[in-house]
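Take this structure first; my questions come after.
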Amino acid sequence: MNLLIKGGRVIDPSQGIDANLDVLIADGVVLELGQGLAAPEGTPAIDAGGLIVTPGLIDMHVHLRDPGLEYKEDIATGSRSAAAGGFTSVACMPNTSPVIDSKAIASYIINKAKSEALVNVFPIGCITKGGKGESLAEMGELKEAGCVGVSDDGKPVCNSELMRRALEYAKGIGITVISHSEDLALVGEGVMNEGFVSTELGLKGIPWAAEDIAVAREVYLAEFAGAPVHIAHISTVGSARIVRNAKARGVKVTCETAPHYFTLTDEAVRGYDTNAKMNPPLRSAADIEAMKAGLADGTIDAIATDHAPHHPDEKDVEFNVALNGIVGLETSLPLSLKLVEEGRLDLNQLVSLMSCNPAKILGLDRGTLKVGAVGDVTVIDPAKEWQVEAAKLESKSKNSPFLGWKMKGRAVYTVVKGQVVYQAG
């Protein structure tokens with residue numbers, strides 16, 4: 001597909017570009033960047049004057065629920081939600097039914113995405129067979145099938161020797177290991193952050209130590225094995241400190257956090273709102289500050305949504321039995337832009353966190369507008385104001401703690417391989 005994007009502020013940290021430029025895409029790839037570009041007659045054009053033009057945003061942690069849990073979300077609806085949020089690529093986690101632990105399931109997702117998805121869908125395979133934490137999955141086969149990482153997300157690999165072997169094997173074949181880091185014994189029957197609010201509400205708490213101890217284990221295993229590891233959805237002061245210190249001594253560790261962890265505290269649980277129930281849980285104001293500081297100083301490498309759709313029947317129940325997770329694809333960008341408005345990040349940092357870095361971590365040929373690169377582009381209006389309404393969310397599920405919130409900033413065009421797959425109304 002051919003497309004000319006004219007006059008926008010192009011921000012591409014992969015090339016050190018921050019300038020008003022045109023972007024010309026031909027046959028689905030970036031052909032030229034420059035001022036006053038001419039396109040062949042009949043080429044569609046976007047007037048991006050006053051808008052921000054970036055490499056397509058990448059969410060490296062989503063749950064598309066397909067196969068087996070399509071009543072919550074499927075590849076078609078999840079990709080529509082991604083496109084509406086400005087994401088041109090998503091990596092989908094393997095805790096489906098059946099789980100993504102075989103070439104057949106990975107191939108199913110890739111083939112279905114080719115026919116139904118508006119955006120690029122990259123599967124993440126399981127670390128262990130069946131996601132049971134007992135023996136390693138066939139990582140080589142998963143990589144051959146198109147998986148860009150492995151994870152038992154939803155729960156940790158509890159056996160340290162097994163995790164060590166996973167890191168060593170993954171290093172050998174060049175695939176990213178993504179750790180869901182928590183100590184399940186400490187989590188116990190906890191349903192929210194352990195602290196004043198949990199005590200006041202009479203709910204069992206999950207201590208910050210459950211995350212910190214598990215993150216520390218992964219760091220030491222990666223250091224011992226000389227292998228890279230990526231830590232999913234960090235949320236605590238301690239886990240940020242552990243990763244920061246590990247990076248300083250050369251450990252190959254990367255990590256992500258999610259917008260809810262730098263926006264909401266456990267105060268959001270008051271009223272027993274199950275849309276504020278997630279794993280890891282919402283933490284304290286000090287933890288929010290740690291996430292913002294970690295994003296600013298490079299400790300945290302990526303912003304990922306952990307988009308986790310659930311049917312109303314799984315959320316409209318008592319807090320203790322409600323399932324964990326929220327939808328986040330359509331609210332991630334404005335919540336992240338707020339960090340720019342607050343002066344905690346600049347736009348170049350934000351684009352790195354939401355596009356360039358996720359591409360590097362997963363080894364994707366995305367996250368750049370270099371000539372010859374895939375023509376995936378996000379066009380953003382940072383001043384556009386809108387309200388989060390359940391009826392207007394593209395996701396099949398509506399379990400968001402941000403319903404009713406007034407947002408500022410959103411993607412107005414999402415372009416995949418030169419084709420506009422989303423345009424804001």
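These residue numbers are counts, starting from 1, taken along the chain as shown.
Cβ atoms here come from the backbone N, Cα and C positions, even for glycine.
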Of ASP306, ASP313, ASP316, ASP346, which does Swiss-Prot put in the Zn(2+) 1 site with HIS61, HIS63, ASP153?
ASP306
Taking each of the recorded positions ASP153, ASP306 in turn and counting other Cβ atoms within 10 Å of its Cβ, which one has the fewest?
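Sparsest of the recorded positions ASP153, ASP306 by Cβ contacts within 10 Å: ASP153.
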Here's one to test understanding: among the binding-site residues HIS61, HIS63, ASP153, HIS180, HIS233, whose C-alpha is closest in space to the C-alpha of HIS310 (substrate binding site)?
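Checking each of HIS61, HIS63, ASP153, HIS180, HIS233 against HIS310 (substrate binding site), the shortest Cα distance is to HIS63.
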What does the structure give for the C-alpha distance between HIS233 (Zn(2+) 2 binding site) and LEU64 (substrate binding site)? Integer Å is fine.
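So the alpha carbons of HIS233 (Zn(2+) 2 binding site) and LEU64 (substrate binding site) sit roughly 17 Å from each other.
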For LEU64 (substrate binding site) and ASP306 (active site), what Cα-Cα distance in Å is obtained after rounding to a whole number?
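Spelling it out, the Cα of LEU64 (substrate binding site) and the Cα of ASP306 (active site) are 10 Å apart.
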